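As given in TrEMBL:
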type: TRANSMEM; residues: 35-56; note: transmembrane segment
type: TRANSMEM; residues: 63-84; note: transmembrane segment
type: TRANSMEM; residues: 90-111; note: transmembrane segment
type: TRANSMEM; residues: 132-154; note: transmembrane segment
type: TRANSMEM; residues: 166-184; note: transmembrane segment
type: TRANSMEM; residues: 196-213; note: transmembrane segment
type: TRANSMEM; residues: 233-251; note: transmembrane segment
type: TRANSMEM; residues: 256-275; note: transmembrane segment
type: TRANSMEM; residues: 295-316; note: transmembrane segment
type: TRANSMEM; residues: 328-347; note: transmembrane segment
type: TRANSMEM; residues: 359-376; note: transmembrane segment
type: TRANSMEM; residues: 404-426; note: transmembrane segment
Amino acid sequence: MSPINRKISINASVNSFVKWLNIKMSGDAEDAIETFLLVVPSFFYVVLATTLPAFLPYSSKQLNFTVEFIIIVIPIILNVTVFANISGNILFIISLILFTFVALMLVNTLYKPTSKETKITKPLLNRENFVTNVRSTINLISVVAILAVDFNIFPSRFSKTPRTGFSLMDLGVGLYVFANGIVAPEARGKKDPITNSIKSSIALIIIGILRLVSTKATHYHVSEMEYGIHWNFFITLAVTKILSSCILNIFDVNYIYINAILLTVAHETLLQMFLKSWIFSTDKRTNLISANKEGIVSSVGYVSLYLFSLYFSYSLNKMKTQHNKNKLFFIWIINSLLITCFCTYKFEVSRRLANCGYIAWILFIAISMTWLFYLWDSLKKNSFVNFNLNCCPFILEAINSNGLIFFLVANVLTGLVNLTITTNLVSSMNSLIILIVYMLINCGLASVLYSSKIKLKLL
C-alpha cells in the first residue's frame, strides 16, 4: 500500500472512530441526563411539601399525609409514566413555583424581625434531616418503579439495561446500597461488631430464600440477567453487608477509601481480563457459580460502593463548618462525574457488572441529591427561622423508620398485582389508578407503623 493510500486509510479509520464515539457518547449522555432529570424533581416535591405549611398551616396527621401524598408521591408516579417525555419541562415548572415560594419567604424575612419564639419544635440542621430526606426519596422512587415497569405506561427505555448503559431502573440497587452506607455505624466513628452484621444478614438471606421459593412456586418471571437464577437483591444486600463489615473490622475507617479504590481497580481489572466476557456470554449455566454469576461478580462492586458511601458520610460528619461540607460535596460530585465520563468512554457503565463506571455514576447522582437536601436544610436554618417549616415530610420520616419493611411490602404487592392481572394489557388510566392505590397502601402502612412508634428493623 502506497503512503498516500495508507494515509487515506488511516484518516478514514480515524473519522469512522470519531463518528462512532460521538454517536456513542451522545446516546449515553442523553440517557444519563434524562435519568438525572427523572430523579431531581423529587427533591423539589419534597421542598414544596416542607414549605407549604408556612402558607397553609395544618397539624392533623391525616391531612399531613394526604397533602404530602398529593405533592410528593403522585408527582413521582406521573414523572416516570405519563410525564416521562417532558421531565425537563416539569423540572422548570416546579422550580418556578418553588422560586416564588422562597422569594416570598425571603421578602417576609427581610421586613419582619426574627421572632424570639419560633414554631419549629426540633433543630433544622442535623445529619438526620437531609439524610432522612435523601434515603426516603431513594426508597420512594425505587418502590414506584418496581411496579410501574410492568405496565405499558412506563417507557421501555427506563427498564434495566441488558448489558451496559444508563436507565432509571439501573439506579435502584446502587442507590439502596448508598442509602445504607451513609448511615452505617462506622460513618459516625463507631465500630459495628461482625456478629451484628451476620445477624441482620441472616434475616436478609432468609428473605432472599423466601423470595426465590415464592417466585419458583408461582412461576413468577424473573430475568436471569439481573442476578442469576437463585440470587436476588436481598442476597446481594446480605453479602455486601457481611463483606463490608469484615473489611471495616480489619482496617481503620480513616483509610477505608484506599480499600474501596483498590477493590474497585481490582474488580475492573478482572472484568476487563475475563469476567466481563464470562458474565455477558450466553453459555449454559452448568453449576451453582455460573447459575448466579451476575450476583456473585457484581457483589464486589457493591461492596466498593458501600465503602465509598460510608467514607463520604464519615468525612462529612467530621466537617465542622458549612463551607467545608459544601467543599466536600463539590469535590465528590466533580470527581464522580469525571470518572463516570471516563469510564463511559473506556469501559462503559454496567449495573449488571457493578463496574467502576456504575459505582461513579451512582455516587454522582446520590451525592448530588444529598447536597441539594443539605443546601435546603442550611437555607431553612439561616434564612427562614420565622416560618413553620417541616424538617422532614411526615411520609418520608415514616418510610425512613421502616425502610426495609416498606420495600418488602412493595415487593409482595408487586407480585400480587402481576399474578392477578396481565399488566401489559391494562389501559393507561387504570395503570395510574393501580399505581396510586399501590403507593397509598405502601405509604399508609409505613405511616401507621411510624405513628404507632413501631420500628421493625432488619438492617
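A Cβ is built for glycine as well, from the same backbone N, Cα and C atoms used for every other residue.
Please treat TrEMBL annotations as automatic predictions, because they have not gone through curation.
The transmembrane segment (404-426) makes no contact with the transmembrane segment (295-316), as judged by fewer than three Cβ pairs under 8 Å among residues 6 or more apart in sequence. Sequence-distant contacts of the transmembrane segment (256-275) (same chain, six or more residues past either end, CB-CB distance under 8 Å): 186, 247-248, 297, 300-301, 303-304, 307-308, 310-311, 314, 347, 353-356, 359.
Spatially, the transmembrane segment (359-376) is adjacent to the transmembrane segment (166-184); three or more Cβ-Cβ distances between them are under 8 Å for residues at least 6 apart in sequence.
Among the stretches 166-184, 196-213, 295-316, 328-347, the one making the largest number of Cβ pairs under 8 Å with the transmembrane segment (35-56) is 166-184.
When Cβ-Cβ distances below 8 Å are used as the criterion, the transmembrane segment (328-347) is approached by residues 21, 25, 28, 32, 268, 271-272, 312, 315-316, 319, 355-357, 360-361, 363-364, 367-368, 370-371, 374 of the same chain, each at least six residues removed from its ends.
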